[in-house]
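Features of the protein shown, as given by TrEMBL:
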SITE      13  site 'Important for substrate specificity'
ACT_SITE  71  active site, proton acceptor
SITE      72  site 'Important for substrate specificity'
SITE      154  site 'Important for substrate specificity'
Ligand SMILES: Cc1cn([C@H]2C[C@H](O)[C@@H](COP(=O)(O)OP(=O)(O)OP(=O)(O)O)O2)c(=O)[nH]c1=O
């Protein structure tokens, strides 16, 4: 029997990607404090948040199925970038990403009352050099606001990407291969009784 899951996420992309794996699941948003700790490296930060999202749902009483949580950050110059807070913040981010390679870290975590398993997928993404006008126009599509690093590779933002090494699906919010592996590992023997 295929495992039934909870998806502790508000993201429509994660919903779409988890559906692609063929699982039945119930999706809901969890409230987690996404503040990065002082001197917390981006890799540890993103994994802690994914675990926190999954564990918060378990703590809220979602205990009859495993919970999947995830988090994505864009990393450049050692800084983890979340969603842009306004146009100015977005323009600063685009200026940083323009003509350079950055990393996208997506963490996935599965939790139940007994255990939590997690992993992080790292992908290199290279952007073309962007003009001021391209950045302005992109902002006005409305796409950047709810995306880490201010772009969506699966949308209009895809035209800025000249190269990618790693997982396209992880950049979009949920790595398909690694999520499948994690679910299998987590639920081994789970549904046999
Ligand atoms: C870089 C990139 C990010 N994103 C999205 C994926 C995530 O939804 C979002 C990163 O923000 P997250 O805080 O990881 O996720 P979220 O707030 O959307 O959902 P939740 O915390 O409830 O799970 O950015 C894209 O859709 N495309 C991209 O190319």
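Each Cβ is built from the backbone N, Cα and C atoms, and glycine gets one as well.
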Inter-residue C-alpha distance, residue 72 (site 'Important for substrate specificity') and residue 13 (site 'Important for substrate specificity') (nearest angstrom): 12
Packing count at residue 72 (site 'Important for substrate specificity') (other Cβ atoms within 10 Å of its Cβ): 28
Cα-to-Cα gap, residue 13 (site 'Important for substrate specificity') vs residue 71 (active site, proton acceptor), nearest whole Å: 12
13, 71, 154 as recorded positions, winner by CB count within 10 A: 71
Secondary structure at residue 154 (site 'Important for substrate specificity'), reduced by DSSP to three states: coil
Nearest-integer angstrom distance between the alpha carbons (Cα) of the residue listed as 'active site, proton acceptor' and residue 154 (site 'Important for substrate specificity'): 17
